[in-house]
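**Q** Would you mind keeping the following structure in view while I ask a few things?
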Amino acid sequence: MASEEDHRSAQAVAIPLLSLLAIILILPPLAWHGRNRNLPASCCAGWFLICDVFIFVNAFIWPNDNVDSWWSGAGLCDVEVKVLVASYLGLPGALMCIFRNLSQILDTSTTSLIPTQTQRRRNLVIDIAFCLGLPVLFSIISFVVQKNRYMIFAISGCVIPFDESWASLVFSYMWPLVVCLVAAYYCLLLLIRLSKYKHQFGAILGTCESRLSKSRFLRLFWLAFIMLLAVLPQQLFVFYANLNASLPWHPFSWNETHGADWNTIIKVPTHGQANFDCWIPIAGSIAMFLFFGMGHDATAMYRSLLLHLGLSRYFPCLLSPTGCRNTNTMDSQNSLIGTWRNQLGSISIRMKSMWKPSAVQRTNSLPVECIMSSANDPEKEPTCSPAHHGIADSWRGSLHSRPWSPVAVIEHHGPCHFCPPQAARTTTVCTAQYQEPASDGRVPPTSPKGRSNITVIQEVTQNRE
């Protein structure tokens, strides 16, 4: 009969399954950012992947509290604790570089929005330093305050122990929090610039030769912003917990910290509970997939991968630019949506003209010129008959219910009631000019300032007769 120590808790079952799912989901964002040479985002996905693999392996090796049956973890834990310590600084460093690079794109204080070769090299050095270099250095320096070889927790696996002295604060505890605070500073700077240049945002992206489109920029920003909201409170809590657990401090001594008991392996049962930091890489991997694994770019990458694997012979639709989507079904859905949109637009315009009769009467004096351009024969430009101008009052009346502006553009999707059917799809452009009277009551015929132009663009879809 199995003892209570051999029992697997719900977390011991859920964590391996979720970590395996996270490993699968993080691969597409990692490949996509790698292809686009986005080093900070690639490193962020890479750190998540490494942590997910460790979480998956640890939960399988040490799933319960039966410490007598546990493997000692020699070799695996020696490497794992050093890599995990590097990830403590690598993930905040990647977030900091993401915010820094995005804020530099919107930095208009420089003489040129296009970075020079020297600036690009400097940015690359900073990205490599905070995403890879400093985490590796941090992992090496942590040996100074590592008081035991490693500890093993049930479900969570290998953990590095630190000495209870001031040296742990200087060499270990403070640096992940410091990098998170720097990332928060760049995040705040980016928010200020986004608010300042929200109207010129697209133009700036097109000028600075960035690999990011507007959609990619915003997705990367929101992903990093959500991660920062999760990582910063975590680092604050970890800093407080480690500092509180190490008090009162004792004087640091290399001989006492790395004495004869240093090779002791400490095994800790957790009563079916996993450490909270096991959930952060899993959640981060799923979030990265939701932001960068389901878009058009990711779909094109999946299609390219399937083509390289030779699956086009079994799925010929992969050779189509639209993929394996049902084009007929999509066209019928778009046609149905367009029909309902046309009907609702026509009803809305007619209801406005019914409730504003005075506005309809005011438009009788407006000269209206309707020009049609056929989609099938663009060289022909038939003109609407003047006898149908009375029917056009239904949409002209709605114009005077709005404040006059120099140029107003109104789009209306619906059938053309006053133009002859010439093609399957035509565009009717109706231009009305309203001349405001002068102080003596007369309308200046050629004054551009006393005139407001109204352009009405009407998309009409008709069946070919």
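Placed from the backbone N, Cα and C atoms, the Cβ positions cover glycine too.
Because TrEMBL annotations are produced automatically, they should be read as predictions rather than curated entries.
Note that this is a predicted model, so its numbers are computed, not measured.
According to TrEMBL, the record shows the following:
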- 449-465: compositional bias 'Polar residues' (COMPBIAS)
- 435-465: region 'Disordered' (REGION)
- 12-32: transmembrane segment (TRANSMEM)
- 44-63: transmembrane segment (TRANSMEM)
- 83-103: transmembrane segment (TRANSMEM)
- 124-145: transmembrane segment (TRANSMEM)
- 173-192: transmembrane segment (TRANSMEM)
- 220-241: transmembrane segment (TRANSMEM)
- 279-295: transmembrane segment (TRANSMEM)
**Q** Cβ under 8 Å to the transmembrane segment (173-192), counting only same-chain residues 6 or more beyond its ends: which ones?
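**A** Cβ under 8 Å, 6 or more out: 88-89, 92-93, 95-96, 99-100, 102-103, 106, 130, 138, 162, 221, 224-225, 228, 231-232, 235-236, 238-239, 242-243.
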**Q** Sequence-remote contacts (6 or more beyond its ends) of the transmembrane segment (83-103), Cβ cut-off under 8 Å?
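**A** Sequence-remote neighbours of the transmembrane segment (83-103) are 39-41, 43-44, 47-48, 50-51, 54, 123, 126-127, 130-132, 134-136, 138-139, 142, 158-160, 172, 175-176, 179-180, 182-183, 186-187, 189-190, 193, 217, 220-221, 224, 227-228, 231, 235, 284.
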**Q** What parts of the chain pack near the transmembrane segment (124-145), using Cβ distances under 8 Å and only residues at least 6 beyond its ends?
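**A** Tertiary neighbours of the transmembrane segment (124-145) are 39-40, 43-44, 82-83, 85-90, 93-94, 96-97, 100-101, 160, 162-163, 165, 167-168, 171-172, 175, 179, 252, 254, 257.
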**Q** Can you work out which residues elsewhere in the same chain, 6+ from the ends of the transmembrane segment (279-295), have a Cβ less than 8 Å from its Cβ atoms?
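**A** Residues packing against the transmembrane segment (279-295) from afar: 15, 18-19, 21-23, 25-26, 28-29, 32-33, 44-45, 47-49, 51-52, 55, 91, 215, 219-220, 222-223, 226-227, 230-231, 234.
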**Q** Let me spell it out: take the transmembrane segment (220-241), skip the flanking residues so only those 6+ beyond its ends count, and list any with a Cβ under 8 Å from a Cβ in it.
**A** 38, 41, 44, 91-92, 95, 98-99, 102, 173-174, 176-177, 180-181, 183-184, 187, 190, 194, 212, 276-277, 280, 283-284, 287-288, 291-292
